[in-house]
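To start, the structure under review is shown below, and the notes come after it.
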Amino acid sequence: MELVVINGPNLGFLGQRQPEIYGTEGMDALPGLVERLLGEDAGRIRLTLFQSNSEGALIDRLEEAWKIKSDGIVLNAGAYTHTSLALADCLAWTGLPCVEVHLSNVHARQSAMRHTSLIARHCIGAIAGFGIMSYALAVQALWQRLAVQP
Ligand code: DQA
């Protein structure tokens, strides 16, 4: 199973960006966490990582995933979560199974803008607040949905 993990703007320096909010781990911690959650099954999942600060590149990557029939998407769209109708439109028409993730608990953040997500309605579900573990939990959720459940 191929899952594409897509990170949006300002997520290229995880571990260094405001660690008090976003944690001290980088994306390199993800495979180990997935292995811890999924054990042997982790070997049946190929994770492809992508990060871009630009909205169009994120849409291009989603379209690519659709074109090559990737199995699912783990998406942290960063601030575009709260603003990008274009990204929401792309998720809507491509229809790939997607889990929205956030490192921080966006619902507990001060700015009310962070409490809304334009992409949520086009996702299977959302996981927020667990740092890099949010991504690993999203991978586990997609694995359960796509490979384990009939
Ligand atoms: C974020 C939350 C967003 O509100 C913010 O703009 C980010 C990161 C998170 O992972 O917690 O860039 O998506």
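Numbering starts at 1 and runs along the chain as displayed.
From the backbone N, Cα and C atoms, a Cβ is placed for every residue, glycine too.
TrEMBL annotations:
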type	residues	note
SITE	Arg17	site 'Transition state stabilizer'
ACT_SITE	Tyr22	active site, proton acceptor
BINDING	Asn76, His82, Asp89, Leu103, Ser104, Arg114	substrate binding site
ACT_SITE	His102	active site, proton donor
TRANSMEM	119-143	transmembrane segment
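Residues within less than 8 Å, Cβ to Cβ, of His82 (substrate binding site) and separated from it by at least 6 positions along the same chain comprise Met113, Arg114, Thr116, Ser117, Leu118. Neighbour density around each Cβ, counted as other Cβ atoms within 10 Å, peaks among the recorded positions Arg17, His102, Arg114 at His102.
The DSSP secondary structure for Leu103 (substrate binding site) is coil. Here is what falls inside 10 Å of the CA of Tyr22 (active site, proton acceptor) among the binding-site residues Asn76, Asp89, Ser104: Ser104. Neighbours of the residue listed as 'active site, proton acceptor', defined as other CB atoms within 10 A of its CB across all chains, total 19.
Binding-site extent for substrate: residues Asn76, His82, Asp89, Leu103, Ser104, Arg114, maximum pairwise Cα distance 24 Å (rounded to the nearest whole number). Cβ neighbour density within 10 Å is lowest for Ser104 among the binding-site residues Asn76, Ser104. Its Cβ placed at the centre, Asp89 (substrate binding site) has 14 other Cβ atoms within 10 Å.
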